[in-house]
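**Student:** According to Swiss-Prot, the record shows the following:
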- 329-339: compositional bias 'Low complexity' (COMPBIAS)
- S215: phosphoserine (MOD_RES)
- T219: phosphothreonine (MOD_RES)
- S231: phosphoserine (MOD_RES)
- S242: phosphoserine (MOD_RES)
- T245: phosphothreonine (MOD_RES)
- S344: phosphoserine (MOD_RES)
- 175-345: region 'Interaction with CENPF' (REGION)
- 195-256: region 'Interaction with KATNA1' (REGION)
Amino acid sequence: MDSEDIPDFSSLKEETAYWKELSLKYKQSFQEARDELVEFQEGSRELEAELEAQLVQAEQRNRDLQADNQRLKYEVEALKEKLEHQYAQSYKQVSVLEDDLSQTRAIKEQLHKYVRELEQANDDLERAKRATIVSLEDFEQRLNQAIERNAFLESELDEKESLLVSVQRLKDEARDLRQELAVRERQQEVTRKSAPSSPTLDCEKMDSAVQASLSLPATPVGKGTENTFPSPKAIPNGFGTSPLTPSARISALNIVGDLLRKVGALESKLAACRNFAKDQASRKSYISGNVNCGVLNGNGTKFSRSGHTSFFDKGAVNGFDPAPPPPGLGSSRPSSAPGMLPLSV
């Protein structure tokens, strides 16, 4: 306190009271300051303890954060290495995939070319198939015709068998007629000596006409006829059936000639049928080879039609050599084709 602030006292009591009052005032302020100091110290201690606790927590947190930071650094390093490794692998995979893509594109181009070639080949094969189908239909049609013709010829063959039976029966009848003719000639020789001359001449003329008609075969007769039909001179005396009239004998011989001519025609048809069957078998094998070649080359095979309508005559029918038929027994047989083998009955 400055000396200028001290007032002037009139008495000692006033000065003493002033200083007492001033000391009390300072004492009170000191007490308040000390209380405030104590409060401040207590508050500072509490604050210091709290700050120390916060510091400990902060240090612990800092250590944890540092540990986390270090761990994260390690993880970052590991991730960097892993990323670099993955990047290298992905780069290798991308390069491999690019190579595969280029190869795949090349293969795709080749496959496109191959598909186009296959389509062209398929078109060629379809055309060849259509041509082959047409050829096979034609062949089947001709084969069906041949089958029908074979069936017809088989029916004719059956008819020929029945005719052969009839021919054999007629041959037997002709042999009997020849035997009867021989007996009749002998009887006429006997009666010629005893009868007058004019009736004998008439009988001789009639018998010579009948013998001439019997000596001429109804079919072409060859060397085998001499063995099959014995001549009247070679037949010994025997007992025949009842004698027939000359007209009946001539009609019977005409029937035999017609039957033999029919048998010859049937045998020629049978030979033609056999040759046709052989020709069809060889043609079928030839056609199968040509069809396979046509499928490979894309061209259908065209088959030429050849009609097997010609009849083949035999060199000898039932052992007879070909000879012109006698007049009055019908038209002659069709001409025979060369190289045909005879069929024996």
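Backbone N, Cα and C define each Cβ position, glycine as well.
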**Student:** Starting from the Cβ of T245 (phosphothreonine), draw a 10 Å sphere and report how many other Cβ atoms land inside it.
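**Tutor:** That number is 9.
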**Student:** In this predicted model, what is the average pLDDT of the region 'Interaction with CENPF' (175-345)?
**Tutor:** 56
**Student:** Quick check: in three-state DSSP terms, what is T245 (phosphothreonine)?
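**Tutor:** Coil, per DSSP.
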